[in-house]
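Heads up: the structure comes next, in structure tokens.
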Amino acid sequence: MSPPSRRLQTKPVITCLKTFLISYSLIFWFTGVILLAVGVWGKVSLEAYFQLASEKSTNAPYVLIGTGAIIIIFGLFGCFATCRGSPWMLKLYAMFLVLVFIAEFVAGISGFLFRHEIKAVLGDAYKDAVTNYNTTDPKSSVVDNIQKTLHCCGVYSYEDWNTTKYFKDQGIPDSCCKENNVCAVENLKDLDRAHDIVYDTGCFSKVTTLMESNLGIIAGISFGIAFFQLIGVFLACCLSRYITNNQYEMV
């Protein structure tokens, strides 16, 4: 059995570690809320752009939503484990933090390394969507949405539509028009007339710039949360060790 003075010295350390870990767990819980919100925002804001590169909807926003939900649950678990002072619960909490850190770090590095490939795939997909544009294809609706939202036209310029089948029949799509009241079909079929009534900036540069900026925000948040988790691992391991040693010393 350890001397009373040593036990008295250990208890304040445990109390201090518990306070820090509970505070950390609450902040960690809040980061889960942030990831959940980012996932929902990505689903709403970026889904149209991801649809260009895939016939099906991308799972990326759902991954963020799922990760955020799991972090919220384990953030509450961390608070419970800290209050209970259970060494095995604290170790489980630390293991979870390590696994999430590794997953987020690997995902972030992969996204950074393959960003140029993602950009190339998106560019090819957008060119294909413009070439095969029609009023019934879901990807054509995405093209219309992009052109209206970003105020752009075609891949690199409005002249890209000149080589499409749709241009021969209908001219440049209405979604390129600056003002709908002057976008008559006869004007949209003539590139010279269309120059003054449609957006002359291509969509590819605007789409990639938007994607890179938004993905940069997501990556920055993910990396920040990932490294923040290392603090929780350290606190959980220290508290588990102090509680275990204190239990043995009291025997």
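Note: Cβ is positioned from N, Cα and C throughout, glycine not excepted.
Annotated transmembrane segment per TrEMBL: 21-42, 62-80, 92-114, 215-239, in sequence order. TrEMBL lists C152-C183 with the feature disulfide bond.
Remote same-chain partners of the transmembrane segment (215-239), defined as residues 6 or more beyond its termini with a Cβ less than 8 Å from a stretch Cβ, comprise 14, 17-18, 20-21, 24-25, 27-28, 31, 34-35, 38, 42, 64, 78, 81-82, 85, 90-91, 93-94, 97-98, 100-101, 104-105, 107-108, 111-112, 115. Comparing the disulfide-bonded residues C152, C183 by how many other C-beta atoms lie within 10 angstroms of each C-beta, the top residue is C152.
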